[in-house]
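Just below is one structure, and these are the notes that go with it.
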Amino acid sequence: MSVTVANLGFPRIGPRRELKTALESYWAAKTHKAALLETAAGLRAATWARQRALGVDVIPSNDFSFYDQVLDTSVMVGAIPDIYRALGAADSLDVYFAMARGTQTGTADESCSHGHGKGGDVPALEMTKWFDTNYHYMVPEVTPGQSFQLTSTKAIDEYREAKALGYRTRPVILGPVTWLLLAKSKQNGFDPLTLLPNLLPVYAELLRRLRDAGADWVQIDEPALVLDLDDRARGAFATAYIMLAHTVPDVKLMLATYFGPLGDNLATAVGLPIAGLHIDLVRAPEQLDEVLAKAPPELLLSLGVIDGRNVWKANLTALLDRYEPIVKLRRNVQIAPSCSLLHTPIDLALETKLDVQVRDWLSFAVQKLEELSILRLGLADGRYVISDELAANADSITSRRTSSLTNDRRVRARVSAVTADWARRAVPFGERIKLQRSILNLPPLPTTTIGSFPQTAEVRKARAAHGKGALDHAAYKQFLQEETERAIRWQEEIGLDVLVHGEFERNDMVQYFGEQLAGFTFTKAAWVQSYGSRCVRPPIIYGDVSRPKPMTVDWWAYAQGLTTRPMKGMLTGPVTILQWSFVRDDQPREQTCRQIALAIRDEVVDLEAAGAKIIQIDEAALREGLPLRRADWQPYLDWAVECFRITASGVKPETQIHTHMCYSEFNDIIAAIGAMDADVISIETARSKMELLDAFATYRYPNEIGPGVYDIHAPRIPTVDEMQQLLIKAGGRLSSGQLWVNPDCGLKTRKWEEVKPALINMIDAAKGARVALG
Ligand SMILES: Nc1nc2c(c(=O)[nH]1)N[C@@H](CNc1ccc(C(=O)N[C@@H](CCC(=O)N[C@@H](CCC(=O)N[C@@H](CCC(=O)O)C(=O)O)C(=O)O)C(=O)O)cc1)CN2
Ligand code: MET
Ligand SMILES: [Zn+2]
């Protein structure tokens, strides 16, 4: 009998975001490639050493990436579209970064991820959300009938690099079926899965070369196995793994699944000729019994028992209770985090300012691996060996369960007192809009922006200085007021109809609110990668949520005081705050969301009382929060929409509620979007050339809509004509009386040099469209 600790992947950004710094300085041409490579190698070596010191038996390699592991896989198999091949050697870093960021001469400040450039510049690949996380991957692009070649030896090189340093690692690769299921073709109707026979020989060659380098096990990630799959996709798994087992029989594959239960794909998974199977027992603890019943005895099970998606300390005694019998039942087992630790911050030890009580409840990547080591000892040698650790762990668990910090009776009473009319505006949209129009007095096709203006290096520097105490409160406030005033004057000058204050005072649209709400705590260094070099510090929700005092009213009032045009109140909605935070796991997410909804509702009401005529409640992450399995969609949509409505319905009919959503893949949830009943919704549509509006047209969406007329992810400046054409197209799908004119999303990652001409053109396009549609 043996129990080993395995890790599926470690965060790669570095404890002090060393990789971010190295990447951005390389992109800005401030440092040479050699410096970037050296930083990367140093981070890998430190990561391996750390995992060994923590007692990890199975240490991963190839979990490092300069940008994204899906992009690494695309380059590995040679899926490099021709426009990038023209730029250099297929395995060069330049081609890789061109695929990730385009060839616009971006700087460290450049967030451009899919910019279509001017004058022959090369756009980046499309980027989208990785399953239900806030991590983004680069979408693989394939063409009908294409061939593949092993193009990058990164996995082999990193295996060798580790071996030379004395680590026998288990390389991690993304599996062929998931990679194809995530891939897209520009040719409509083409199914990437048909490329499987062309792709498999490359995987076989890779496995052979890993074996020749000394690898006996390889971790092959196939998270698509937790999705709804049709028989063809299931058949593809069988085809792929039979072929690989046949051609490379002496490499053992640990097939990793995560983010949910195998469900109706379980028979497929356990029937594959693989040596090991990893299952997520945090998201789907209920699948254990069925997996045990169906898995052949010789299949090595990797039990994902520690939460790789959240920050809470595990309950070690409960885990021992659950897994001791399993260890007796099966000869060998591995214990592991539920998924790669990419989605957790690195080290709690860096958080010296956290409340000591709350800190005692937390566990980041390093601490999670410690928990696994302790658990292994207990499972292998008996609980008495770890009695001190168990006692300490039990104290933390009890402290969290019984703490008065997590329970606020008033909040609970308030949530239970909510009745149906809290989630309903007093009168229907048709009547509201008449009142709103008579007050606002806007032209047809009113122009506005989504909220943020550029977060320049100067703004971030001032905030950092204020945080360190180098800039006092009054000076910081004055700096922000000047930025805000400048932005308002400029908006008036170019003639925008509905203004924003610019969000200069906010570090992040979620963290800013988290820092002001009770029940939340926030960190100094707990960065988690969102895409490329960009990171977020998700706030941690540990207790009942309430709003001690207004959070945005002063800034709104200052901004409105400078202008006679309507100034939008600007808030982040409850579902997005929930989705982009680390959420308490001792009550259903729905419950926490309702508490946040009430807190934001209070803010909405206060903004109205201060005089706001228009209040925008952003729900950028509503779509991302959708469960991975369709059968679970409706219950989620029901409470998510209700929470939004609770937030939005405390105001008078004449107060206009806006919402904003990016990543607008919501053809299949359009009814829920309608049910939100926002007076105005702004959505991302520029890249799909307004195609998304078909869903709104078919559904006969009655309220007002601002379809984004230009892609803010690109530095490129859109022309008047192209935006006017898009508006005319939109006018053909919806009534022109419904339309607003705005960009796709906020402008915080852009530069003023890009924003200024783009918005001036947008206003001209609106003028033209008013005439054309008039
Ligand atoms: N939470 C969240 N998720 C989201 C989005 C979003 O806006 N927020 N947007 C979508 C895209 N994802 C994104 C994720 C991150 C960033 C982003 O720009 N991140 C910044 C950090 C933003 C931030 O928290 N800034 C802080 C801290 C900035 C910082 O690093 N300060 C330095 C010092 C800075 C200096 O001296 O110049 C430090 O603390 O060491 C601030 O402005 O106050 C980055 O990685 O660079 C953008 C988009 C989807 N998910
Ligand atoms: C990711 S959605 C962003 C909405 C926010 N109001 C902004 O303009 O930045
Ligand atoms: Zn957005």
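Just so you know, glycine gets a Cβ as well, placed from its N, Cα and C.
Please treat TrEMBL annotations as automatic predictions, because they have not gone through curation.
Given the structure is predicted, the values throughout are model-derived calculations rather than measurements.
Record check, TrEMBL: L-methionine site residues include Ile450, Gly451, Ser452, Asp618, and the candidate from Glu389, Glu503, Glu505, Glu515 also listed there is Glu503. When Glu642, Glu684, Glu722, Glu754 are compared with the Zn(2+) site residues His660, Cys662, Cys745 in TrEMBL, the one appearing in that site is Glu684.
Just one of Trp179, Trp490, Trp580 is listed by TrEMBL for the same 5-methyltetrahydropteroyltri-L-glutamate site as Arg17, Glu18, Leu19, Lys20, Lys129, Asn134, Arg534, Cys535, Glu624, and that one is Trp580. The CA atom of Lys129 (5-methyltetrahydropteroyltri-L-glutamate binding site) is located 11 Å away from the CA atom of Cys662 (Zn(2+) binding site).
Residues Arg17, Glu18, Leu19, Lys20, Lys129, Asn134, Arg534, Cys535, Trp580, Glu624 are recorded as binding 5-methyltetrahydropteroyltri-L-glutamate; their most distant pair of Cα atoms lies 29 Å apart. Cβ atoms within 8 Å of the centroid of the Cβ atoms of His660, Cys662, Glu684, Cys745 (the Zn(2+) site) belong to the same-chain residues Ile450, Ala620, Met661, Tyr663, Ser664, Ser682, Ile683, Gly708, Asp744, Gly746, site residues excluded.
Taking the centre of the Cβ atoms of Ile450, Gly451, Ser452, Glu503, Asp618 as the L-methionine site, the nearby residues of that chain (Cβ within 8 Å, site residues left out) are Thr449, Val500, Met509, Met570, Gln616, His660, Cys745, Gly746, Lys748. In this structure, the CA atom of Asp618 (L-homocysteine binding site) is 21 Å away from the CA atom of Arg534 (5-methyltetrahydropteroyltri-L-glutamate binding site). Contact annotation for recorded positions (Arg17, Ile450, Ser452, His660, Cys662, His713) versus ligand 1: none, no CB falling under 6 Å from a ligand atom. On its own chain, Arg17 (5-methyltetrahydropteroyltri-L-glutamate binding site) has Trp527, Cys535 as residues at least 6 apart in sequence with a Cβ closer than 8 Å to its own Cβ. Proximity to ligand 2 at the level of Cβ atoms, with a cut-off under 6 angstroms, picks out none of the binding-site residues Arg17, Leu19, Lys129, Glu684. In the vicinity of ligand 3, defined as a Cβ distance under 6 Å, the following of the binding-site residues Lys129, Arg534, Trp580, Cys662, Cys745 are placed: Cys662, Cys745.
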